[in-house]
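J.: Quick one: this structure, given as structure tokens, is what I'll be asking you about.
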Amino acid sequence: MSAGADMLHGPGAMRWGAAGLVILALHGGALLVAAAPWEMTPPPPLPEAAVMIDLAPLPAAPPSPAPTPPQEAAPDPAPAPEPEVVEPDLPDLPPPPPVPVPDPEPLQVAPKPKPKPKPPAPPKPRVQTPPKPVPPKVQKPVEQPPETVPENATAQASGAPAAPTQSSAPAGPPTPAAPASYMTTDAARSWQAEMFAHLERHRRYPRQAQLRNQQGQVTLRFSIDREGHVLASSIERPSGNALFDRETLAMMKRADPLPPPPDDIPSTELTFVVPVIFSLR
């Protein structure tokens, strides 16, 4: 009985009573809070996470070395005195015997090779010079006194028509017909040569015939008076080439008048029949 009374009236009972009061107060407060209306406020936003960067400390510069004081050069040590070398006395040695020198062997000189004979040079080709062309001998026509023709034949020849003229190159000299009796004198022959030279200066070679290498011969009949004027001219025998025939008649027109005959020739009208040669040689 005493033990139970001590527990109810002792200090332990006071502690249990205080604890009960605290529990009741907490429960009453909780009921009041639950019954009272109150608003829910959102929690404040969390601050942004800061990025922390740790920077390593810069290395400290090494301290500059302190200037060293100049060192004085140490003096060179004095050279040590060289010890004196005493040469020992050597006994006199006999001279060495002479070494026999062998006789030199005779040099063998190789004979020089004979030079190879040079091959004979090929014969040079002989240049055969072509023989010089021998110019053909041109037989000059023998000048003969012209043949005299009767006056009636002269009249017939004067009526022949004349052909058109044309220029030409030089041709061969005309050859006269058989001479008459009074044409054999020296004066007649000299006059005849002068007359043929006059015709020679007025002859031409047809240009077209020369380009074609054409040649020919024309027999010409012409008559002159005592003054040398051409009374008539005609083709006695044609050449077969109209170029030569026309040039022959044109020559007579260019040569008019001819040299007059000498006094030894009595005729008042002279007729000649002569060949006119056109040659390119």
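A Cβ is built for glycine as well, from the same backbone N, Cα and C atoms used for every other residue.
A TrEMBL annotation is a machine prediction, not a hand-curated record.
Keep in mind that what you see is a predicted model, and the values were worked out from it rather than measured.
In case it helps, TrEMBL gives these features for our protein:
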type     : residues : note
REGION   : 57-182   : region 'Disordered'
COMPBIAS : 59-82    : compositional bias 'Pro residues'
COMPBIAS : 91-105   : compositional bias 'Pro residues'
COMPBIAS : 118-148  : compositional bias 'Pro residues'
COMPBIAS : 153-170  : compositional bias 'Low complexity'
DOMAIN   : 190-281  : domain 'TonB C-terminal'
J.: On the DSSP side of things, how many residues of the domain 'TonB C-terminal' (190-281) fall into helix, strand and coil, could you say?
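T.: Residue counts for the domain 'TonB C-terminal' (190-281) by secondary structure: 31 helix, 28 strand, 33 coil.
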J.: Let me know the model's mean pLDDT on the domain 'TonB C-terminal' (190-281).
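T.: Averaging the confidence scores along the domain 'TonB C-terminal' (190-281) gives 92.
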